[in-house]
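Look at TrEMBL and you will find Gln47, Leu48, Arg49, Met50, Lys51, Asn79, Ser118, Lys147 tagged as 4-amino-2-methyl-5-(diphosphooxymethyl)pyrimidine binding site. Residues annotated as Mg(2+) binding site in TrEMBL: Asp80, Asp99. What TrEMBL records for 18-198 is domain 'Thiamine phosphate synthase/TenI'.
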Amino acid sequence: MAELSRTERLARLDRARLYLVTDAEPGAGPLADVLVRALHGGVDIVQLRMKDADDDAIRAAAQVVRRVVHEHRALFVLNDRPDLAKEVGADGVHVGQDDHSVEQARALAGPSLLVGLSTHAPDDLDGAWLDRADYAGVGPVHATPTKPGRPAAGLKYVRHAAASAATLPWFAIGGIDTTNVAAVRAAGATRIAVVRAIADAPDLDACGAAARALRAAITQTQEDPVGTP
């Protein structure tokens, strides 16, 4: 599949509503199988997050993610490695407040790739806009073992983002699952990112069911997911 242009990537980002973050060994099953179920369920973006892995391990997992994600016409984002993003065929890179700056990430990854930034407070969100990030993560909404020691920003921060970040796509993230997504939606989120709710579902069937339920809850419809061929 030919590489997408920046314009095409931005268009897919604009349509995206459900974002999955996973490592190379999701609890629900083999990586490729989990991705297929998640994408069929309505996931629009997949981020590969392997914080402590070596470059070869990242390259190997990225090959799987790229193939499956691009077969489903979704976006592939690599966490915290703008130096590898272009090489592994990612559509974008995601960085945190303590990682590369948006400017540094874009310089390393190349101008055609998307750059996303984690934010945890209103000043961070303002910075994402000023630094011209392509999208922001807003959270953690709830405490989560994915970010140990990081206090929850709560629904108050989601409401702030909904009121102030009109021109910047943003995804509420952090402990969101099928039991609390309605409250996140009610607070103003129209996009969410999840980790355990899909990747660590009890099995592959539950993985797909969680994706469908989350997409339906955040969009109030299951029509037209980006990941549908």
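Note: Cβ is positioned from N, Cα and C throughout, glycine not excepted.
These figures come from a predicted structure and were not determined experimentally.
Annotated pair Asp80 (Mg(2+) binding site) and Gln47 (4-amino-2-methyl-5-(diphosphooxymethyl)pyrimidine binding site), C-alpha to C-alpha distance, rounded: 10 Å. Of the recorded residues, Gln47 (4-amino-2-methyl-5-(diphosphooxymethyl)pyrimidine binding site) and Asp99 (Mg(2+) binding site) place their C-alpha atoms 16 Å from one another. Annotation: Leu48 carries the greatest number of neighbouring Cβ atoms among the binding-site residues Leu48, Met50 [cut-off 10 Å, Cβ to Cβ]. Counting only the Cα atoms, the space from Ser118 (4-amino-2-methyl-5-(diphosphooxymethyl)pyrimidine binding site) to Asp99 (Mg(2+) binding site) is about 10 angstrom. Per-residue confidence over the domain 'Thiamine phosphate synthase/TenI' (18-198) averages out at a pLDDT of 97. Shown are the binding-site residues Lys51, Lys147; the one with the most C-beta atoms within 10 angstroms of its own C-beta is Lys147. The two recorded residues, Asn79 (4-amino-2-methyl-5-(diphosphooxymethyl)pyrimidine binding site) and Asp99 (Mg(2+) binding site), show a Cα separation of 10 Å. The Cβ of Asp99 (Mg(2+) binding site) lies under 8 Å from the Cβ of Asp80, Ala105, each of these being in the same chain and 6 or more residues away along the sequence.
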